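TrEMBL annotations:
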{"type": "TRANSMEM", "residues": "12-40", "note": "transmembrane segment"}
{"type": "TRANSMEM", "residues": "52-73", "note": "transmembrane segment"}
{"type": "TRANSMEM", "residues": "80-98", "note": "transmembrane segment"}
{"type": "TRANSMEM", "residues": "104-125", "note": "transmembrane segment"}
{"type": "TRANSMEM", "residues": "137-156", "note": "transmembrane segment"}
{"type": "TRANSMEM", "residues": "162-183", "note": "transmembrane segment"}
{"type": "TRANSMEM", "residues": "303-319", "note": "transmembrane segment"}
{"type": "TRANSMEM", "residues": "339-358", "note": "transmembrane segment"}
{"type": "TRANSMEM", "residues": "370-390", "note": "transmembrane segment"}
{"type": "TRANSMEM", "residues": "396-417", "note": "transmembrane segment"}
{"type": "TRANSMEM", "residues": "429-452", "note": "transmembrane segment"}
{"type": "TRANSMEM", "residues": "464-484", "note": "transmembrane segment"}
Amino acid sequence: MVFRKPPDGGWGWVIVVVSFFTQFLCYGSPLAVGVLYLEWLDAFGEGKGKTAWVGSLANGIGLLASPVCSICVSSFGARPVAIFSGFMVAGGLMMSSFAPNIYFLYISYGIVVGLGCGLLYTATVTITCHYFDKRRGLALGLISTGSSVGLFIYAALQRELIELYGLDGCLLIVGALSLNILACGSLMRPLESSDSPPPEKTCVDKVPDQYFVYHEKEKTVEENISILEKGYVDEKCANNMPEYKQDSILNKNVLSSINVNEKDTYKKKVVEQTNFCKQLAKKKWQLYLNYWEETVVLFKNKVFSALFVAILLFDIGGFPPSLLMEDVARSANVNEDDYHMPLISIIGIMTAVGKLTLGILADFKWVNTLYLYVTTLLMTGVALFAIPFAKSYLTLAMLSGVLGFLTGNWSIFPYVTTKTVGIEKLTHAYGILMFFAGLGNSLGPPIVGWFYDWTQEYDTAFYFSGFCVLLGGFLLLLAALPCWNACTNQSSKLPPNTYSYKVASSA
């Protein structure tokens with residue numbers, strides 16, 4: 001599909017607003033699941049690693065299914081996907097209020113809500129990238145702050161609702177709030193492929209030629225001559241017969257022709273439908289083959305290959321603090337009287353600041369967004385190494401703010417992906433990268449929880465998390481160094497609209 005040039009404004013700002021509220025409503029509860037995590041620990045009495053699967057699935061399953069989400073958005077459009085996903089998120093949250101055990105939550109909260117969030121995230125990012133080019137960094141930064149603001153508000157809101165109505169009532173109310181996603185999704189008008197709509201085709205024109213069995217153009221000259229000669233002989237024989245015989249034969253021919261025509265019409269429809277199914281299956285199979293061929297081409301780009309490793313390791317190590325920081329403070333025996341604000345709320349508000357700040361920086365021509373992204377990864381690794389040394393609310397709050405700000409690099413990740421593979425391959429490449437991000441989100445919190453179950457302390461777990469993030473950052477930095485381009489092709493020049501880390505992939 002060929003889209004019109006991005007308007008960088010107009011209805012695009014409406015898209016930004018509704019995408020902001022969509023991410024606010026769908027990600028508010030899953031990102032602030034740390035509040036619910038403590039309640040589930042007390043309610044079901046399971047281990048920390050086992051209980052952490054609920055929150056990790058909710059934040060990871062949607063990213064794991066990103067290739068499927070990308071196909072859905074490409075096939076049906078952002079608006080239908082957003083409306084359908086709104087029902088999924090609301091229904092999953094409401095179902096979770098009736099959970100009898102932790103395994104039910106794996107399905108209702110982890111898979112149903114998580115998959116709905118993944119579909120909504122892909123829809124909002126894709127349609128925003130279609131509407132913006134020069135201001136894409138700002139637009140992505142604005143819509144991605146929706147999830148961060150949702151984390152900030154929902155952390156306090158869910159805690160207050162639990163005190164007033166209990167855990168079940170909290171989930172019911174939060175699920176009802178998520179129904180507002182339907183109104184936001186209805187405003188996601190797709191970008192037209194051209195200013196003027198194409199002329200309407202007739203019913204015959206709408207049927208592809210390859211689905212017809214009988215083609216007039218396929219008849220040879222000999223066949224046409226034989227048909228004419230046969231008609232001439234039949235007419236001559238009919239003229240030599242008596243009139244009454246001609247009438248009887250004519251009546252019989254009319255009746256027989258009707259029966260023959262009905263049978264031929266039925267057979268023709270059966271053949272046409274069979275051929276249509278065969279052609280459709282062949283076309284779908286060809287699409288699947290093209291998808292895997294394009295995937296292989298993407299992985300020939302060394303920056304893209306390093307990017308998927310970096311995002312996997314970053315989410316394994318960088319996501320657990322947003323889920324487990326409250327339990328880290330409780331395990332460190334932090335006095336509850338010192339709590340001025342939930343640590344999760346600090347992470348949420350600083351993530352919003354980070355997304356907006358980094359998104360604005362990405363729009364400056366002198367800023368290389370890939371190096372900016374690598375810098376955030378390396379700083380995140382250092383902050384994770386410092387968590388075991390934080391034993392007071394003040395130090396934990398400071399580290400929560402730093403980690404929240406650096407986690408705001410999610411706003412520039414689509415920007416980095418676009419500059420690496422191009423806008424034409426954004427949906428495909430972004431779906432693959434989000435799959436690995438979801439894998440990291442799903443594995444990170446349970447791994448940290450298992451480390452605690454084994455050692456009865458979080459120190460070893462966060463050393464491991466910091467090492468993962470630093471490793472991913474260094475690998476991406478090595479792949480992005482300009483010397484690789486000079487070694488592979490010294491005489492080639494880069495296109496004017498790409499950065500130095502862009503590596504041309506060969507089909």
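Cβ from N, Cα, C; glycine included.
Computed from a predicted structure; not experimentally measured.
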Candidate ranges 80-98, 137-156, 162-183, 339-358, 396-417 - greatest C-beta contact count to the transmembrane segment (12-40) (under 8 angstroms): 137-156
The transmembrane segment (80-98) vs the transmembrane segment (396-417): 3 or more CB pairs under 8 Å: no
Top Cβ-contact partner of the transmembrane segment (137-156) among 52-73, 104-125, 396-417 (pairs under 8 Å): 396-417
Stretch with greatest number of CB pairs under 8 Å, the transmembrane segment (429-452) reference, 52-73, 104-125, 370-390 candidates: 52-73
Contact call for the transmembrane segment (396-417) and the transmembrane segment (52-73): at least 3 Cβ pairs under 8 Å, seq gap 6+: no
Stretch of maximal Cβ-Cβ contact with the transmembrane segment (464-484) [cut-off: under 8 Å; candidates 52-73, 162-183, 303-319, 370-390]: 303-319
Which of 52-73, 162-183, 303-319, 370-390 contacts the transmembrane segment (104-125) most, counting Cβ pairs under 8 Å: 52-73
Positions whose Cβ lies under 8 angstroms from the transmembrane segment (303-319), at least six residues beyond its ends: 56, 59-60, 370, 377, 380-381, 384, 403, 406-407, 413, 416-417, 420-421, 429, 432-433, 436-441, 443-445, 447, 464-469, 471-473, 475-476, 478-480, 501-503, 505
